[in-house]
Amino acid sequence: MGSNSNPIGVIDSGVGGLSMVIALDQLLSSEEIVYVADPLHFPYGEKAKNELIHIVSSLVSYLNENLKAKLIITACGTISSNCLEELSALFQVPIIGIIDPASREAVRKTKTGKVVVLATSATVKSSTFQKHIQRIHSSITVKEEAWPEFVEAVEKGLHQTDDWRKWIHTQLIGFQQENFDTIIMGCTHFALISSFFQDIAETTFEIINPAIATAQEVKEYLAKSNLLNPSELSKKRIIVRGNSTNMKKTIQKYTDLQKINIEAFPEKIIENFINKAQRYCTPASTPM
Ligand code: DGL
């Protein structure tokens, strides 16, 4: 268990985790945040489960053992829906995912009882959102859709084209005709651009940004565990494993975090953690 001034770790494959940094910055500005993005292994949503656990274990190890994170947030629908149980069993540090908070928020918001989840292939395949939502309220209809090409477009900052706008408009009209009124941004890449969806929609959907619901849960957890950082304002760090070009561009365009210096992931240090992670699990070639 960490102490109050230790950082909160945030993990995602790419730019989606920025949605969590923004939400934490607004709700928990006194906390130190260390966001590790892993574009080297993007897209997580097309990976086999064992491979994903293997990759993410090294990041969790690094945050946990090297940076002494008091809590880790998997700011990624794919990790949260596929690996949360395994990671929580492997590590002592508390790990919070986005599925539960987002599901609860969607159940609270829907009036028609029909919820859409937009996510990666791996998230949809796991049906985790559907299971969580229906566990809260069994009569809610859940439609889960995988949009892997759109995840990639957002990662590269290439989603603001007329073609994508038209395509999304068509999908949203379809949801509306089927009486869906609530959409969970089940991939954090989409959460980052929630307003883009709202602009395209002709009617108002309840758009659930999991980062906001999760940040609230994190705040409650820290308060309950006496782990809130009493400092006035703490720093934010962004560490990128692989090429940081997309991250830099996205930060400029969608956030107020421009002042943060992007750090390169310490591959040398991580070797130890990768070796350790290898003991936890070996990458498998079998698809999920
Ligand atoms: N942002 C991620 C998610 O929420 C991962 C996208 C990907 O790497 O495929 O699922």
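Keep in mind that glycine also has a Cβ here, set from the backbone N, Cα and C atoms.
On a predicted model such as this, the values are computed, not experimentally measured, just so you know.
Here is what TrEMBL records for this protein:
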- C76: active site, proton donor/acceptor (ACT_SITE)
- C187: active site, proton donor/acceptor (ACT_SITE)
- D12, S13, Y44, G45, T188, H189: substrate binding site (BINDING)
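Structure with TrEMBL features highlighted.
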{"residue": "D12", "record": "substrate binding site", "DSSP (3 states)": "strand"}
{"residue": "Y44", "record": "substrate binding site", "DSSP (3 states)": "helix"}
{"residue": "C76", "record": "active site, proton donor/acceptor", "DSSP (3 states)": "coil"}
{"residue": "C187", "record": "active site, proton donor/acceptor", "DSSP (3 states)": "coil"}
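Taking the centre of the Cβ atoms of D12, S13, Y44, G45, T188, H189 as the substrate site, the nearby residues of that chain (Cβ within 8 Å, site residues left out) are G14, G16, G17, F42, P43, C76, G77, T78, I79, T120, V151, E155, C187. The candidate set comprises the binding-site residues S13, T188. Of these, T188 has the most other Cβ atoms within 10 Å. Neighbours of D12 (substrate binding site), defined as other CB atoms within 10 A of its CB across all chains, total 32. If you compare Cα positions, C187 (active site, proton donor/acceptor) sits closest to C76 out of the recorded positions D12, S13, Y44, C76. In this structure the C-alpha atoms belonging to D12 (substrate binding site) and C76 (active site, proton donor/acceptor) are separated by 5 Å. Same-chain residues at least 6 positions away in sequence with a Cβ under 8 Å from that of H189 (substrate binding site) are, in sequence order, G14, V15, G16, V151, V154, E155.
The Cβ of C76 (active site, proton donor/acceptor) lies under 8 Å from the Cβ of I11, D12, S13, G16, G17, Y44, I98, C187, T188, each of these being in the same chain and 6 or more residues away along the sequence. Long-range neighbours of G45 (substrate binding site) (same chain, six or more residues apart, CB within less than 8 Å of its CB): S13, G77, T78, A119, T120, S121, A122, T123, A146, P148, V151, C187. In this structure the residues listed as binding substrate are D12, S13, Y44, G45, T188, H189; their two most distant Cα atoms lie 12 Å apart. The local packing around Y44 (substrate binding site), expressed as other Cβ atoms within 10 Å of its Cβ over all shown chains, amounts to 27.
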